[in-house]
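**Q** Below are the features listed in Swiss-Prot for this protein:
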type	residues	note
TOPO_DOM	1-22	topological domain 'Cytoplasmic'
TRANSMEM	23-43	transmembrane segment
TOPO_DOM	44-684	topological domain 'Lumenal'
REGION	80-102	region 'Disordered'
CARBOHYD	ASN103	N-linked glycosylation site
CARBOHYD	ASN127	N-linked glycosylation site
CARBOHYD	ASN162	N-linked glycosylation site
DOMAIN	191-405	domain 'Galectin'
CARBOHYD	ASN524	N-linked glycosylation site
CARBOHYD	ASN632	N-linked glycosylation site
Amino acid sequence: MKRVKSESFRGVYSSRRFKLSHFLLAIAGFYLVFLAFKFPHFIEMVAMLSGDTGLDGALSDTSLDVSLSGSLRNDMLNRKLEDEDHQSGPSTTQKVSPEEKINGSKQIQPLLFRYGRISGEVMRRRNRTIHMSPFERMADEAWILGSKAWEDVDKFEVDKINESASIFEGKVESCPSQISMNGDDLNKANRIMLLPCGLAAGSSITILGTPQYAHKESVPQRSRLTRSYGMVLVSQFMVELQGLKTGDGEYPPKILHLNPRIKGDWNHRPVIEHNTCYRMQWGVAQRCDGTPSKKDADVLVDGFRRCEKWTQNDIIDMVDSKESKTTSWFKRFIGREQKPEVTWSFPFAEGKVFVLTLRAGIDGFHINVGGRHVSSFPYRPGFTIEDATGLAVTGDVDIHSIHATSLSTSHPSFSPQKAIEFSSEWKAPPLPGTPFRLFMGVLSATNHFSERMAVRKTWMQHPSIKSSDVVARFFVALNPRKEVNAMLKKEAEYFGDIVILPFMDRYELVVLKTIAICEFGVQNVTAPYIMKCDDDTFIRVESILKQIDGVSPEKSLYMGNLNLRHRPLRTGKWTVTWEEWPEAVYPPYANGPGYIISSNIAKYIVSQNSRHKLRLFKMEDVSMGLWVEQFNASMQPVEYSHSWKFCQYGCTLNYYTAHYQSPSQMMCLWDNLLKGRPQCCNFR
């Protein structure tokens, strides 16, 4: 019986083993079929990857094949993009043909000095991995759109652009002397009334409106001091004169910010705040809280006080509060009658109609409410009334009508229509064939024609730059509008100081421009130091040269306004996600408006980027701090040099660099330097 059982068990076991082997064979067969279907795609990917040898490989002189996988592959295969230099070997100077020397301009190609491959490296990473980071996807899209945009530039006839027309608006606008809008029309226009040609001295704007009743708002800062969870009653509104045409796609500068706060101010009193703002950087506020300002001649504005007096309650005091009624009667009885001072309450009240008149005077703005002068705000350097091309009214107020009269009837002097001045006086010298002291890369947006022109007319006229002891170049990407790109190309060909990067410009990709500056400073010129700055940064070139001359040439240098242990903002407008920056703090980094690195650091950055080992982050100044930290740890010690005179927020005394300077402020700062007075034109 045991033998029979044993035979029976063995039969069952062999049957199960037979079924398992069949199952494994089926899986193997399915896998072979899968490979057969995927093998052609695999061969195609291998061919694409093997077609690029990186930055150190030899490429042709005139073309660069850009290949992308996935759904974008068919769109970009076999795309030829021009590159004017040899891709292999070091290049130190620009070669200029005799014809170009005679004509004074050169034909601009889309990939100057191999910069297409900077963003191209980001693209090639897509061929090496299925998953792309948000940054890589963004760069991917910008590269493709930029390549197409550059092709469209060749089809666009720049000569057909009317110099009197705005390349931002696409049409010539009339300059009416008066404009009126009712409340409904204003709401349909997002509460903005256009003033096509700005204001002039004597222009006035009358606003008829009613402040809304206070509502509760959360103020987290107050929750620590009170038990109301930070909830306060707020009733306020803003009247702003904005420069709508001074920056396309940017926050317009606020030439005047008028903010009546009926309830909700931090001092629990009604106030009227006046200020200016340029590129989201506010100036010093002028606050009127009912205390009259001085009558000294140096603080008056066209003879008016900056702040008038009003009472702190709703009762109108017809007699000075320091005097009692008895004292006043006694003085009149003995013949020493004193004329009582008339005071008024705060000019705005919830639910009550007001008539506000804003008038542009000779030295400043004057605000009248109900026919009474309330405050005056002096014009600030760099902000001109002719640039005030829009009136915005926001906040807790119902507007019934707005009337603007005596407006400017001609286009502003610094408008984009007149931004570029094609004069040989402002042309850049050619790149020198010998080493020089400092290379300066200036980041600029495509449509910043006024900013670039202001830089050419000011600190780029420094003798060190004119003699090529210092070399400066703009680094500019492309714009969605083909007429803007066409004008950029014309500007670059004429002045010879622009390096065009063929990807679509956006803030998150500024770091690619920084890498381009490093590559240019290493492979196309010979300078021991490289400086990065912005087109709204005014540079005192002689001060910068003195600073780098004080550093030993053997040392690696990182100089600027350094930040230590700064943390990413995880909430709000400038949020940095944990995916973008997983660390809790940033490395030490210099503020982006102006910093200096030695050339060996730039070489390290270019080398790491060519080997795909460079970490890219959307904040270019933080990225530079990270790269310098890695260089300091792996290569050789770096001398970190800090100075507050690399001013991040505006201008400071004895500055090296001044940030957030408008074109008018640039001219003012340059005039001061020529007079031997390095003074700020607008303290912030």
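Backbone N, Cα and C define each Cβ position, glycine as well.
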**Q** By a 10 A CB contact count over all chains shown, which of the glycosylation sites listed here is most packed: ASN524, ASN632?
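**A** Answer by Cβ density within 10 Å: ASN524.
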**Q** Within the topological domain 'Lumenal' (44-684), what mean pLDDT does the predicted structure show?
**A** 78
**Q** According to DSSP, does ASN524 (N-linked glycosylation site) fall in a helix, a strand, or coil?
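**A** Reduced to three states, the DSSP call for ASN524 (N-linked glycosylation site) is coil.
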